[in-house]
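Asker: What follows is a single structure, and I will ask about it in a moment.
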Amino acid sequence: MNEEQRKGTSIDILAERDKKEKDYSKYFEHVYQPPNLKQAKKRGKEEVKYNHDFHIDEKYRNMGKGKTFLIKTYGCQMNAHDTEVMAGILGALGYTPIDDINQADVILINTCAIRENAENKVFSEIGNLKHLKKEKPETVIGVCGCMSQEESVVNKILKSFQNVDMIFGTHNIHRLPEILEEAYLSKAMVVEVWSKEGDVIENLPKVREGNIKAWVNIMYGCDKFCTYCIVPFTRGKERSRRPHDIIEEVRDLARQGYQEITLLGQNVNSYGKDIDDLEYGLGDLLEDISKIDIPRVRFTTSHPWDFTDHMIDVIAEGGNIVPHIHLPVQSGNDAVLKIMGRKYTRESYLDLVARIKAKIPNVALTTDIIVGYPNETEEQFEETLTLYDEVEFEHAYTYIYSQRDGTPAAKMKDNVPLDVKKERLQRLNKKVSYYSEKALQQYDGEVVKVLCEGTSKKDDNVLAGYTERNKLVNFEGPKSAIGKIVEVQVDEAKQYSLNGTYLRESESNMVTV
Ligand code: 5AD
Ligand code: SF4
């Protein structure tokens, strides 16, 4: 959707609110509905447009001169990368970054909606900023990211958080200059949230965090509609970037000396399916990127349903695609998987794992798991535990199911008490720790290749980085190792990391173990 089309739609929130006013309903007459599965699934088939003409109008260029900004980021890598784009736009407007929130002239809270506790953290953060706004009323406070795409959240902010100056969503961060200007000019809260995703905008400025590792978006949105998940609503329909644009970005990162990139998407396996004029999928993209001289390439996240043999073959080739696959399973029980809408069974997941392990014997598999799905029985939960034993994941992110309004699962009655869910999570986490430790033990005494990212968080004399298979290694060595792939002798395997000693710079980027 281009700017002209956008203006013609009645589904945007474009509300300005007098802060004294109490009736907010009129601002929502023409806005998007709360998440609604039937409506969302009828997503328009209209073609996605690719916009290469983004530019910042001259009149905004000095907006931030002499002013500072700080962005607080919650949630996933997609949000972290959106923050880099917003930092790029703010930089182009003349703002400079600052670490001290009390000194910042513009504060943006980039929010996550995936679980209730993520949202609660954000509300308490916004609440904490009330006194700052009182002391420094000229500070501009903005809320953006996934939570802004939820009508209930926008309502709550309008009603209870007078200290917020602007709210914008995930589809219009490129309009930050205009939104900011409006916030400066108007005494009212500026709300601009698009319910519909717009064009894919290619040449947005970015200020990446660090110069060693980089995120690269390959697609936006998700069409999978797992029944518990808010993401298809907050991030919109799947839109893949054109291969040429991605490859050019990766080439450019290689030229700048980046050592590792991570290809990002909610479900990267769907990459390319929405581009009608092209028979090109993630396997093809990985193949093309493997020819670029960048030492390490990761990708996340993969849905087990459409993980192809072609992708397995490309990863098995070795080269720069690292043998680490994050493959969220969510549950080990067929009935739960079915109501989650995951489109695979325990058996087909295990079959995929077997195919991956057969072709990539040194693969590190990690996963996401939800416990305490509505009505999950003890036996069903135990199947998650036994699946974990069968696969021996090297790590897992584990969560208690969190009800998200508007998702199909939110309508389900739930007979599992919270303390039972908590107890299941504890049992699962014990297993996760056991296999994580076991995975690390295999490196004891080995030489590993580590991309040294800097000094350890705890000790400035200790260097830290990750192996290809995503194991954290702390080691003593020269500071000149920072930014390079180096060989490290592992002296000790701990519960969550390895300790080692620097040996030398690595000559090749092939895996040793
Ligand atoms: N409740 C708990 N966990 C969730 N996830 C997504 N939605 C929910 C929810 N409503 C988890 C899934 C997903 C990860 C990113 O977050 O495990 O893979
Ligand atoms: Fe959510 Fe991932 Fe399922 Fe998409 S594939 S709905 S992002 S859990």
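Quick reminder: no glycine exception, Cβ is built from N, Cα and C everywhere.
What TrEMBL shows for this protein is this:
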- 67-185: domain 'MTTase N-terminal' (DOMAIN)
- C76, C112, C146: [4Fe-4S] cluster 1 binding site (BINDING)
- 208-438: domain 'Radical SAM core' (DOMAIN)
- C222, C226, C229: [4Fe-4S] cluster 2 binding site (BINDING)
- 441-504: domain 'TRAM' (DOMAIN)
Asker: Count up the helix, strand and coil residues in the domain 'MTTase N-terminal' (67-185) according to DSSP, in that order.
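Answerer: Secondary-structure breakdown of the domain 'MTTase N-terminal' (67-185): 62 helix, 23 strand, 34 coil.
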Asker: Rank the binding-site residues C76, C112, C146, C226, C229 by how many other Cβ atoms lie within 10 Å of each Cβ and give me the one with the fewest.
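Answerer: Lowest Cβ count within 10 Å among the binding-site residues (C76, C112, C146, C226, C229) is C76.
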Asker: Could you tell me the C-alpha distance between C112 ([4Fe-4S] cluster 1 binding site) and C226 ([4Fe-4S] cluster 2 binding site) in angstrom, no decimals?
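Answerer: Roughly 17 Å, rounded to the nearest whole number.
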Asker: From the binding-site residues listed here (C76, C112, C146, C226), select those whose CB sits under 6 A from an atom of ligand 2.
Answerer: C226
Asker: Give me the count of other Cβ atoms within 10 A of the Cβ belonging to C222 ([4Fe-4S] cluster 2 binding site).
Answerer: 22
Asker: Identify all same-chain residues not among C222, C226, C229 whose C-beta atom falls within 8 angstroms of the centroid of the [4Fe-4S] cluster 2 site's C-beta atoms; report them in sequence order.
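Answerer: After dropping the recorded site residues, what remains is K224, F225, Y228, I230, V231, P232, Q266, N267.
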Asker: What mean pLDDT score does the domain 'TRAM' (441-504) have in the model?
Answerer: 95
Asker: DSSP on C226 ([4Fe-4S] cluster 2 binding site), three-state: which is it?
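Answerer: In the DSSP reduction, C226 ([4Fe-4S] cluster 2 binding site) maps to coil.
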Asker: Could you round the CA separation between C76 ([4Fe-4S] cluster 1 binding site) and C222 ([4Fe-4S] cluster 2 binding site) to a whole angstrom and send it over?
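Answerer: Rounded to a whole number, the Cα-Cα distance is 14 Å.
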Asker: Show, in sequence order, which residues other than C76, C112, C146 on the same chain lie with their Cβ within 8 Å of the centre of the Cβ atoms of the [4Fe-4S] cluster 1 site.
Answerer: Y74, G75, M78, N79, T111, A113, I114, A118, G145, V231, T234
Asker: Of C112, C146, C226, C229, listed as binding-site residues, which ones have a Cβ less than 6 Å away from ligand 1?
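Answerer: From C112, C146, C226, C229, counting a Cβ under 6 Å from ligand 1 as near, the near ones are C229.
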